[in-house]
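Peer 1: One structure, pasted below without further comment.
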Amino acid sequence: MENAWLIPLFPLLSFLVLLIAGRRLREASAYAGILLTLASLAMSVYMLAERFTKPTFKSESVWLTIGDLKLTAGFEVNQLNALMLVIVSLVSFLVHIYSRGYMHGDERFPVFYAYLGLFTFAMLGLVLSPNLLQTYIFWELVGLGSFLLIGFYFYKESAKHAAQKAFIMTRIGDVGLLIGMILLFWQTGSFEYDEIFASVKEGAVSETMITLTAILIFIGAVGKSGQFPLHTWLPDAMEGPTPVSALIHAATMVAAGVYLVAATFPLFAASETALMTVSVIGAFTAIFAASIGIVQKDIKRVLAYSTVSQLGYMMLALGSAGYVAGVFHLMTHAFFKALLFLAAGSVIHAVHTQDIEKMGGLWKKLRFTAPLFLIGTLAISGVPLFSGFFSKDEILVAAWVHGNKALFWLAVTAAFFTAFYMFRLFFMVFAGEARTHMKNVHESPGSMIFPMAVLGVLAIASGYINTPWFGTFLGDWLVEGNSALGHGHVEGPAWIMIVATLVSLSGILLAYLIYVKRSISRDWLISRAPLTYNVLRNKYYIDEFYGMTFVYGAKAVSLFLRFIETFLVEGLVKTVTVFVQTLGKTGSKIQSGQVQTYGAIAFVGLAVLMVIFALTGGYL
Amino acid sequence: MSNVPVSAFLALALILFCIGLYGALSKRNTVIVLISIELMLNAVNINLVTFSKYGPAPSINGQIFALFAIAIAAAEAAIGLAILIALYNNRKTVNIDEMDQLKH
Amino acid sequence: MDLDKLLSFQWGMMTPEFLILGTATILAVLDLFMPKKMNRNILGFFGLAGIVAAIVSLTLLLGQDTASILHDTFRLDSFAKAFKLLLLGGAALVMLLAIDYKPKEGMEEYRGEFFYLFMTALLGAMMMSSSGDLITLFVGLELLSISSYILAGIRKKNTRSNESAMKYVINGGISTAITLFGMSYVYGITGTTNLREMAGLLSQIDNPQHVYILGLAFLMIFVGLSFKLASAPFHMWAPDVYEGAPTPVTAFLSVVSKTAGFVIMMRVILSVFAAVPSNDSDLPLLFSMQDYIGFLAGATMIIGNVIALRQRSIKRLFAYSSIAHAGYILVAFSAMSVVMFDSIWFYLLAYLFMNLGAFAIIQLMTMKEGTEDISHFAGLYRRSPLLAGAMAIFILSLAGIPGTAGFIGKLDIFLGALMVDPAHYVLVSIMIATTVVSYFYYFGILTQMFFRPAAHHEKIALQPGTVITVIICAAATVVFGIMPQLAFDFFNSNFNQFIDFLQ
Amino acid sequence: MNESYYLSLLVFSPLLGIILLAFMSKDSEKSIKLLGFMATLPPAILALMAYVSRLMGKDLADFSERVRWIQFGNLPQMGEDFFTVYYELGIDGFSLLMIVLTAILSTLAAIASFHIKKEWKGYYMLFLLLEIGMLGVFTAQNLILFFVFFELTLIPMFFLIGKWGFFEKEKAAYSFLIYNGLGSAILLIVIMVLFARTGTTNIEALKILVNTANSDLITPLSDSVKYGLLIALLVAFGIKLPIFPLHSWMLRVHVEAPPSIVMLHSGILLKIGAYGLIRFGMGIFPEQFKELAVVLAVLGVINLLYGAFLAFIQKDFKMVLAYSSISHMGIVLIGLGALNQAGIQGAIFQVVSHGLISALLFFLVGVFYERTHTTDISKLGGMAKGMPIASGFLLAGAMASLGLPGMSGFVSEFMAFLGLFEEMPWLAAVGTLGIIMTAVYLLRAVLAITYGRADREFAGITDLRSYEWAPVLVLVGLIVLIGVYPAVLSEPLKSVLLGLGG
């Protein structure tokens with residue numbers, strides 16, 4: 001495990017090589033990227049395997065000396081990291097392969113692979129970080145990767161705005177994280193996770209401070225994971241190439257927020273308020289995003305809102321002390337959502353549009369993509385036997401057991417919505433007949449199908465490592481040796497599973513009725529509740545609200561400051577200048593050329609001095 | 001003579017000085033201005049001579065000083081008039097307020 | 001006083017004065033007998049030679065002990081030596097300029113007079129620095145003044161020259177009268193005109209009324225003498241006279257005459273009033289007058305620098321600038337610190353070079369262009385890089401930028417003003433603030449020279465005398481700016497802080 | 001000890017170039033440029049050698065040199081050193097860093113100056129003079145010498161702005177001159193008061209004299225005088241830095257001066273303000289500085305936010321960068337205001353880091369301007385199409401500037417905030433708003449230039465030329481190096497930080 005630090009370096013190498021030699025390699029760049037990511041994947045798998053038998057490994061050295069303070073950098077391999085390493089490198093590897101087909105023919109092909117390398121490096125680095133500072137560093141670099149890839153089609157105005165928005169919105173969260181970690185540092189004297197947890201455990205940090213810092217760190221997570229109210233960037237981020245959406249905005253980076261909360265879980269666990277905040281925000285986001293997802297017409301946006309919603313689920317899990325549930329869902333979600341995105345990419349690749357209104361009847365034309373998409377949809381909808389079913393069940397149980405029944409029912413409702421809109425999507429894309437004329441619809445090349453197939457398998461299989469039926473292997477392993485993380489598996493009432501199944505099936509049924517059988521009008525919502533529809537369609541007008549408040553607010557402040565600048569700062573200078581010049585003008589006017597005036601002034605000067613002297617008697 | 005107090009001489013000198021100054025600063029004709037300056041210098045001479053005779057510490061130096069002052073005042077007046085003539089040749093005026101080519 | 005007595009005086013002490021006097025006389029006679037058509041330049045060089053000879057003789061006298069002759073009316077103390085060196089140096093450079101001065105009209109026939117009047121003016125200034133008696137002081141002062149009046153008006157056909165001379169005479173007359181009026185009271189109270197005796201008598205004065213009168217007399221003398229310094233309130237003649245007078249005369253007035261003004265100021269005021277006990281404190285009267293001097297210094301700096309901002313004529317601009325510099329030196333004077341003498345002497349030294357250098361270039365340019373407007377400096381950098389570079393040095397020095405003598409001079413003045421207790425914070429602040437204001441007009445000239453395109457690209461024919469002056473001045477400005485210790489060491493080893501000032 | 005002239009050699013080595021240039025024909029453009037560039041190499045090499053020898057463990061005190069220079073007054077009774085100003089040069093870790101920065105940036109700016117279109121001879125002579133001034137400022141060991149070099153930078157800058165600048169160059173030059181003249185005037189008052197009261201201007205000696213009770217002064221320095229002096233220093237260096245509301249001159253300079261000069265101006269000259277505050281303000285008046293730290297921190301936050309918000313609405317990219325400089329100098333102040341080790345080190349890091357970053361950005365401004373003849377954001381756009389590499393570096397510069405980890409900006413920003421959060425958490429929290437705003441305005445501007453629709457006008461423009469690669473690569477390399485391995489800066493600073501008490 002002492003070589004774990006090499007894992008992120010492979011993608012970094014890929015980044016550098018492609019940056020320098022990319023122009024010459026052209027599409028061969030893909031091989032460099034794929035091979036190097038494969039190396040990372042191989043090592044990650046090896047680390048994971050090793051971690052089963054060996055204890056946590058941590059290695060650090062001094063990075064920055066500030067007087068007496070020594071800040072360190074290093075890496076740590078524990079259960080959570082090891083798992084994340086595999087997830088990240090696997091998805092990244094698959095996306096690398098996929099992109100070879102998807103990005104074929106793009107003139108900036110090498111750049112794309114370079115950026116992928118950069119992102120993968122940052123994400124792997126983030127996962128390996130043993131302390132908050134390092135986490136923060138990679139946290140931001142991940143954001144950079146995301147920014148670059150969202151803005152990959154830089155010549156599109158929308159891509160530009162999306163990239164900018166993504167960077168800024170996440171940065172707002174990052175500042176929360178920054179403040180939180182600095183406050184923690186001054187409380188505990190360290191950025192190291194284990195030392196912080198130890199201090200918290202000893203009670204060296206006050207209750208309020210724990211709550212405050214935990215919430216601040218959570219703000220960071222909110223930004224990255226697209227939780228309400230910082231979620232608006234994530235749907236816009238779909239401007240990036242689809243493989244990017246799969247890698248960054250579904251499987252890895254957006255999950256980083258969840259990962260962060262998981263990594264600092266002992267801190268959250270020490271404050272009921274903090275947990276409460278996490279769970280409330282999570283649950284709210286889950287239902288909130290799901291409701292928007294119902295009416296979106298862009299295939300990727302639907303998936304994006306579903307991502308937001310699912311991330312809310314994970315937060316809810318963590319907030320309900322369901323550490324294992326959160327991480328478990330993170331993993332399954334990574335697989336099935338990546339699958340969905342890749343499949344969606346494949347669809348877009350085939351039909352060159354993202355508008356689902358224009359699609360339809362693709363089941364027959366895309367013989368590989370369609371079933372794989374269906375697997376993903378089933379998994380996310382929580383249909384039994386698919387991975388999403390198990391992880392979602394785990395979350396519902398955690399929420400129920402933790403005690404907040406309102407949140408539980410919210411989560412159940414969100415599950416219904418999820419099933420509904422996912423199948424709405426599926427049916428609209430694949431079922432029925434094509435709604436517009438589409439030519440040259442063809443199945444994607446093997447390089448794109450293969451990664452989807454792998455993910456399809458995982459979307460089904462990955463659920464079975466932690467089930468109430470066959471054993472909670474993952475859960476037990478994750479919390480091993482760390483009591484602060486709670487129990488590996490939470491026992492809940494069995495009816496929850498039944499309810500969850502029923503809810504998801506009814507969601508599917510409803511979608512079927514509307515979009516396949518057409519027994520319920522598609523325009524039901526539009527005609528019956530146009531207001532609600534418009535609100536949903538416009539994403540609750542949140543973007544507009546931000547536009548009106550923050551953007552205009554900042555502009556207003558700027559204009560106000562410009563006012564100060566012009567009138568106060570410059571005005572002051574102007575006043576002084578004018579004063580001096582007026583003085584000069586007056587002086588030169590007195591200099592009238594009349595010699596008698598000169599003499600008079602000299603005399604007046606003398607007289608004044610003498611009068612002063614005479615009056616003061618020389619006692620000036 | 002000796003009944004006249006010192007202060008009277010000094011006051012006379014002061015008054016003369018002021019008249020001279022007033023003249024120098026107010027008359028339009030440059031010749032009168034030059035004469036007024038002479039008045040001021042003569043006021044000084046009165047002072048010097050008074051002090052040399054009745055001052056707190058009488059001495060001959062004052063009178064010598066006065067002699068020098070007279071001589072120099074004469075030289076100054078001569079120069080002044082010479083310049084005035086040159087000016088008059090060029091400008092055809094002796095009015096001091098018209099000499100304002102150079103200003104500001 | 002018989003012949004023996006007369007011969008017993010150490011006349012050698014007066015060699016420099018005799019040399020100047022002799023040169024002046026010979027020049028006058030030669031001028032009289034020289035054919036009208038003959039080039040008078042030779043007279044200028046002869047005068048220059050006389051000045052150089054005087055400098056040499058003065059240097060030989062440097063080691064001589066302090067002594068006085070003619071009943072203590074003529075003193076050769078270190079103060080006299082130090083300032084005479086400045087006067088002579090300045091006059092020599094002015095002479096070089098004067099030789100090259102060939103205005104378009106109204107000068108040619110008087111060039112001989114031009115040269116020897118410089119000599120007599122210089123003689124007056126030298127007498128002032130050596131005099132130990134009010135009478136000689138006064139005579140020296142007037143010799144300088146009257147010569148300068150004529151010099152200012154020497155371009156008889158030029159109305160501006162006439163006018164400037166007239167103004168100069170009238171203001172000069174008034175100032176003389178005021179000074180003398182003040183002096184007459186000082187004489188009245190002490191009964192003597194000898195400065196040293198006065199100091200002795202005044203130190204025992206115990207009548208508060210007399211002290212009071214002396215205070216008034218002080219103000220009169222100070223204001224009267226401020227005419228020579230061109231400092232407030234008697235500064236207003238300077239711009240007009242500087243503008244109208246021939247350029248070498250302007251240079252002479254702004255440097256030599258001003259130096260002489262400071263000489264007489266220190267002579268009279270320090271020797272007489274430093275001795276008078278004050279009515280209200282243990283300190284001499286002079287110290288209670290510090291605030292008045294400081295006030296006038298401040299006013300001078302402000303007036304000079306602020307009005308200079310509006311000038312378009314380069315000579316007027318330098319007139320105001322020279323008013324401002326008088327203000328700076330008055331700051332040193334009003335502080336009366338232990339470094340007062342060094343700082344005034346060094347500043348005058350620096351001022352001599354930087355100002356004369358600048359005037360040399362101004363003379364060249366104004367003669368060439370026939371106008372004094374600043375805009376004719378435009379593009380000088382292209383037309384003559386040497387002149388532009390030298391002018392830049394002078395201007396930077398006048399503005400007090402490090403690396404030049406002007407900076408060190410200012411530094412020394414600040415030091416003096418701040419080392420006394422209570423420190424003159426206000427005065428120093430005014431000085432610094434006005435210095436910054438002065439950047440506006442000084443750098444305005446640089447802007448013209450370097451940034452603006454020239455109206456035409458005619459090369460400027462350089463005249464040897466001017467070039468020599470410029471080179472000497474530029475070199476000195478830089479050398480004393482970088483290695484001021486040369487001057488300070490010379491000053492300290494030869495003049496030893498003027499401790500013999502009153503002995 | 002042949003090293004005793006090392007620093008003099010280092011500081012005055014550009015003089016060689018000036019002299020050689022003086023003998024060149026003013027029309028041989030190529031060779032003048034080449035010579036101008038070559039002349040910046042000796043100081044760069046010497047500076048790097050000094051840096052390397054420091055890393056090898058050499059004592060920096062060995063570099064000191066001291067020669068008698070001026071003695072004011074002649075007061076033998078008061079001792080030899082009294083009122084004597086020495087020509088004394090020396091360096092410590094901080095000044096070493098600044099010298100290396102100066103030397104490197106000068107070399108790069110000399111390359112950037114290849115874009116200059118006229119009168120290369122005068123340009124390079126002034127440029128080298130400016131370099132002497134800047135190097136001197138950081139080596140001077142007494143206040144007067146410091147001041148001399150400080151002013152020495154003023155004059156070449158005036159000319160460089162006024163002659164080779166853009167449209168309103170003369171106004172900018174004047175603005176620069178008057179503000180800085182005022183700043184240095186105030187500085188001079190402080191220097192002279194200290195000199196007059198203590199009889200020395202040596203910084204080390206002053207540290208002791210001013211802060212020891214009953215020390216042997218000519219006239220005692222009361223506490224109020226000390227406060228007055230410190231505040232005056234703050235104003236003097238505040239103009240240079242610049243601190244709100246003393247900044248308006250600097251905007252003009254940033255906009256009007258040629259980009260190669262702004263590289264130096266923004267990279268080095270502004271930093272003299274920070275250097276002065278740390279060296280003199282903190283060094284000579286530690287007690288009073290502590291009291292004023294809050295004020296500094298507040299000013300820092302104001303600067304940070306004020307600059308950021310105003311940068312947000314600028315139309316000219318140079319204005320954006322100008323306000324961004326104001327904003328970033330706020331971080332220096334924040335670090336100083338924190339007055340703990342983290343804060344001070346952060347401030348110093350920021351000084352170096354911003355020097356590199358702004359040099360990079362302004363170099364790129366020059367590159368873009370040279371091709372497009374505009375820096376108006378609305379007129380540019382989609383430059384990543386025609387100039388992908390330059391655009392990429394511009395983006396990298398912006399990222400560095402907004403404090404992206406892995407680049408130098410982050411390390412300094414982080415430390416400054418780390419420091420301030422210990423002392424004044426609320427203020428620091430307000431300040432973090434600046435971090436967000438920085439991202440907002442930089443992305444707005446940079447993306448508007450590089451991303452978006454490509455303007456047809458700019459089709460067919462060339463990307464970075466061969467000689468333009470060097471500055472960009474060196475700067476980015478250094479920025480990343482500091483960001484990844486900050487020990488390159490913190491190592492030489494170790495002793496400095498202990499000396500400042502922190």
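The count begins at 1 with the first shown residue.
Glycine is no exception: its Cβ is also placed from the backbone N, Cα and C atoms.
Quantities reported herein were computed from a predicted structural model and do not represent experimental measurements.
When I checked TrEMBL for this same protein, it listed these features:
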DOMAIN    A:63-113  domain 'NADH-Ubiquinone oxidoreductase (complex I) chain 5 N-terminal'
DOMAIN    A:129-418  domain 'NADH:quinone oxidoreductase/Mrp antiporter transmembrane'
TRANSMEM  A:6-22  transmembrane segment
TRANSMEM  A:111-130  transmembrane segment
TRANSMEM  A:136-155  transmembrane segment
TRANSMEM  A:206-223  transmembrane segment
TRANSMEM  A:274-295  transmembrane segment
TRANSMEM  A:302-324  transmembrane segment
TRANSMEM  A:330-351  transmembrane segment
TRANSMEM  A:372-391  transmembrane segment
TRANSMEM  A:406-427  transmembrane segment
TRANSMEM  A:448-474  transmembrane segment
TRANSMEM  A:494-515  transmembrane segment
TRANSMEM  A:598-619  transmembrane segment
Peer 1: So which of A:274-295, A:330-351, A:372-391, A:598-619 has the most C-beta pairs under 8 Å when paired with the transmembrane segment (A:494-515)?
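Peer 2: The stretch I would name here is A:372-391.
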Peer 1: Give the one range among A:111-130, A:136-155, A:330-351, A:372-391, A:598-619 whose Cβ atoms make the most pairs under 8 Å with those of the transmembrane segment (A:6-22).
Peer 2: A:111-130
Peer 1: For the domain 'NADH-Ubiquinone oxidoreductase (complex I) chain 5 N-terminal' (A:63-113), give the DSSP counts of helix residues, strand residues and coil residues.
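Peer 2: Going through the domain 'NADH-Ubiquinone oxidoreductase (complex I) chain 5 N-terminal' (A:63-113) residue by residue, I get 29 helix, 13 strand, 9 coil.
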Peer 1: Counting Cβ pairs under 8 Å that sit 6 or more residues apart, are there three or more between the transmembrane segment (A:372-391) and the transmembrane segment (A:136-155)?
Peer 2: no
Peer 1: Against which stretches of its own chain does the transmembrane segment (A:598-619) lie, if we need a Cβ under 8 Å and a gap of at least six residues from its ends?
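Peer 2: Cβ under 8 Å, 6 or more out: 590.
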Peer 1: Please average pLDDT over the domain 'NADH-Ubiquinone oxidoreductase (complex I) chain 5 N-terminal' (A:63-113) for the predicted structure.
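Peer 2: So the average pLDDT across the domain 'NADH-Ubiquinone oxidoreductase (complex I) chain 5 N-terminal' (A:63-113) works out to 88.
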